[in-house]
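Q: Pasting a structure below so you can have a look.
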Amino acid sequence: MPIAWFAGLIVTSALMIWKSLMLVTGSESPVVVVLSGSMEPGFYRGDILFLNMGKAPIRTGEVVVFNLDGRDIPIVHRVIKVHERKNGTHIDILTKGDNNYGDDRALYNRGQEWLHMQHIMGRAVGFLPKVGMVTIVMNDYPYLKYALIGVLGLLVLTNKETDRFIPSRSAAARLEFSVLDREMATADVLKQANDREDINPAYHLLLRSELLGSACPGPISPDKVQQLEQLRAPASPGKSLFRFKTGDVHSPHGGPAAQSPFAVSPVGNDTAAGSPFASPRRAQRKIARAPFKVLDAPSLADDFYLNLVDWSSQNVLAVGLGTCVYLWSASSSTVTKLCDLAPNDSVCSVEWSKRGTYLSVGTNSGKVQIWDVAKLKLLRTLEGHRARVGTQAWGSNVLCSGSRDRHILQRDVRCPEHFVAKLVGHRSEVCGLKWSPDDRQLASGGNDNQLYIWSLPATTPVLRFSDHTAAVKAIAWSPHQHSLLASGGGTADRCIRFWNTANGTALNCIDTGSQVCNISWSKNVNEIVSTHGYSQNQVIIWKYPSMAKLATLTGHTLRVLYLAVSPDGQTIVTGAGDETLRFWTVFPSARTTGPDTTTVANMHRTTIR
């Protein structure tokens, strides 16, 4: 089998070349691909680096590739400090990304302050720009890799060495045809074609418009109009087979047929004023399947019950990384460190006020801190919870916080008290909170698989939905329809459910096939974005109410636990346990004529550290 032999030869040659490069360079990985933008502008995502270990000592300023214990993916950063012991047998190395806010100590393993020689895989001695994008595409879209392997395997299985068939050209095998018969047959075929054209002119006109999209060349003659009406008429007038449509007079609902403004079918119920030949086709919106920006987010927790990413109305992204909260401006791509709770506390949730001037930070100790982001100043520290605060929700002047202690505390920031009401109902950790657009109802989800609706100032839930079979973290209110609520369940449930909170009824249920981590409604169009965990780690754009999938976005290698939407409603950012933030353009812009001052289309590449 030549293809199998050729494929084996390629694999063997590649292995031999790789092993030879390892011997020559002294590095276990002589060639690596840059996966993030932390070294820009020196190296960009997709660049291929050539490594050489050598015997020369590591010096400050060199670009090295290192691999931390327990990590699968090596990191490309620059050496900023080198401490060499007197005996010369031990070297401490500190690294930093050129485009990062600080050094890599936050990236190292817990308790590790320095790198040592056993962590260094090699120093960069050369590079090829953007050649490694193929590797990144294969990593972001693994199904392409599997498809390529499947095609190669199929070629190997189906390829066979067989003799070619050469037809006999002997005189006895030749067929003799009469030239006269051939000319008569050709003339007869042309005549029949002309007859059919004369009989069905309207049919050909409609077929050309339907298949080629061409406009009607001029007014239709009366005889063609009659033929057009015959085409529109049902084949069996006396029967109702295949005749029921929306609004059909013969349907159970009755009434005139509803005509779509985008109808293009020439056999539809169009009038002379609205000819199908003049109706424009509605272009289908294209959604990019790859993120336009990827940020490093070291120490971004892989915890389903936390909420560590939020996007303000002032176009500033807040991210909780370990013990710190960082602010990233989408307009200027600048990173600001807001606070550090080390060594005795850590960040469990962040939530912007509606105006984007204050940020509330929920901590592992059960406290809630209110920060003025313009002054980088801590305004208040609110207590009341006995365990971590994993979710928060701002109303106009009311901040609600949910905790592992199973309680929801209502806090009025204008009052000196730490909280003004305690909402009791959940029997396990509260992991999801969302105010309705009019601030009249609060939805809460918990690890007890319950979804509660609260109408303040009442301290008991007015509605209780128990259909989910796993934790309810994903909650979103529709900005387009009053009292419409969407919720998503965890690994054992995998469903997105829709509720009418005005009358307490369940509207619909969609099985997504994987853990639902977040839901958000587009404010520009009636669409939904959901992020998922086990086992597909995907982002899905849905059309409501049909719940047809408009796009499925992949790239994250772990659960997509965090989701936030930009203030212009076009861009989303997703965060995952793979310690990356990915930016996607998924929704259209709002139908307004004024200038857009919050767009993120011109964001520059940077990292969050």
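Every residue, even glycine, has its Cβ placed from backbone N, Cα and C.
Features from TrEMBL:
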{"type": "DOMAIN", "residues": "18-95", "note": "domain 'Peptidase S24/S26A/S26B/S26C'"}
{"type": "DOMAIN", "residues": "295-584", "note": "domain 'CDC20/Fizzy WD40'"}
{"type": "REPEAT", "residues": "340-381", "note": "repeat 'WD'"}
{"type": "REPEAT", "residues": "423-464", "note": "repeat 'WD'"}
{"type": "REPEAT", "residues": "553-586", "note": "repeat 'WD'"}
{"type": "SIGNAL", "residues": "1-26", "note": "signal peptide"}
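Buried or exposed, and what's around them? Tell me for each listed feature.
A: Across the domain 'Peptidase S24/S26A/S26B/S26C' (18-95), DSSP classifies residues as 8 helix, 27 strand, 43 coil.
Averaged over the repeat 'WD' (340-381), the predicted model reaches a pLDDT of 95.
Sequence-remote contacts of a segment are chain residues at least 6 beyond its ends whose Cβ falls under 8 Å from one of its Cβ atoms, and for the repeat 'WD' (423-464) they are 304-305, 387, 390-396, 398, 400-404, 406-410, 470-477, 479, 482-483, 485, 487, 489, 493, 499, 501, 504.
Per DSSP, the secondary structure of the repeat 'WD' (553-586) breaks down as 0 helix, 19 strand, 15 coil.
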Q: For the repeat 'WD' (340-381), what are the same-chain contacts with Cβ under 8 Å, counting residues 6+ beyond its ends?
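A: Sequence-distant neighbours of the repeat 'WD' (340-381): 306-314, 316, 318-325, 327, 387-396, 399, 401, 403, 405, 411, 413, 567.
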Q: Which bits of the chain, at least 6 residues beyond where the repeat 'WD' (553-586) starts or stops, bring a Cβ under 8 A of a Cβ in it?
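A: Long-range Cβ neighbours of the repeat 'WD' (553-586): 36, 140-142, 287-304, 306-315, 317, 319, 330, 356, 515, 517-520, 522-524, 529, 531-534, 536-541, 596, 598-601, 603, 608.
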